[in-house]
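This report concerns only the one structure given below.
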Amino acid sequence: MIVEIPGVFSPQESKVRVERLRAAQWIDGKATAGAQSQRVKHNRQLGGDDPLAREIGDEIIDRLAKDAVFMSAALPKRIYPPLFNSYGIGESFGFHIDNAVRGIRASRERVRTDLSATLFLADPASYDGGELVIRDTYGEQRVKLPAGHIILYPGSSVHKVEPVTRGERIASFFWIESLVREDAQRALLLDMDVAIQRLTMQNASDESLVQLTGCYHNLLRMWADC
Ligand code: NI
């Protein structure tokens, strides 16, 4: 399941953050790549302990915690502290798959990467190329979002970032361990939740809503791994 969530930051909020990020201390992206991805990864990143990365990363998590669609789609159990990457002209990240489990720096905590997330920060009009290409069962999805929008996709997907041919693509990326490990189960729960919300707005009968809401929670109880 691929889910786009708009407005984590407004265009203006994204712009201010991109300007601060541009002036930050960027390092070679290979530092956090596994053996296979190192060969195809050509970009720059902020260090995980960079104070600006932590500051904006915390803002992202705060915004997402208040976002009903994010909470319903991801059912988050643990969120990896957001990282930041930059692709300049000629930089790209070829097809790869993200590591299944990632240790959080300076802690013993680990996150199983059930979902991958990319928050687009740079204005898409300011760069060419840089599309995130995700292979899923329906083929390849090409994703390039307005500044401040986030895309969630299964951590199990093979994906790449196309070469940037003009400007600079700055984004945040991270992973979420979900209460519900299976993508298909999360997709079903999200569909059901959206339908329940819609029925509530249409003043459907209380009895049916109670029954459906009960089904949602009983499925979540059956599948949640707390
Ligand atoms: Ni990746």
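Cβ atoms here come from the backbone N, Cα and C positions, even for glycine.
Just so you know, TrEMBL annotations never went through curation; they're auto-generated.
The annotation in TrEMBL ties HIS96, ASP98 to Fe cation, and of the candidates under consideration, HIS42, HIS159, the one tied to the same site is HIS159. In the three-state DSSP scheme, ARG169 (2-oxoglutarate binding site) is classed as strand.
Recorded residues ARG169 (2-oxoglutarate binding site) and HIS159 (Fe cation binding site) have their alpha carbons 17 Å apart, per Cα-Cα distance. Long-range Cβ contacts of ASP98 (Fe cation binding site) within its own chain (separation 6+, distance under 8 Å): THR113, SER116, GLY155, TRP175. According to its DSSP assignment, ASP98 (Fe cation binding site) is coil.
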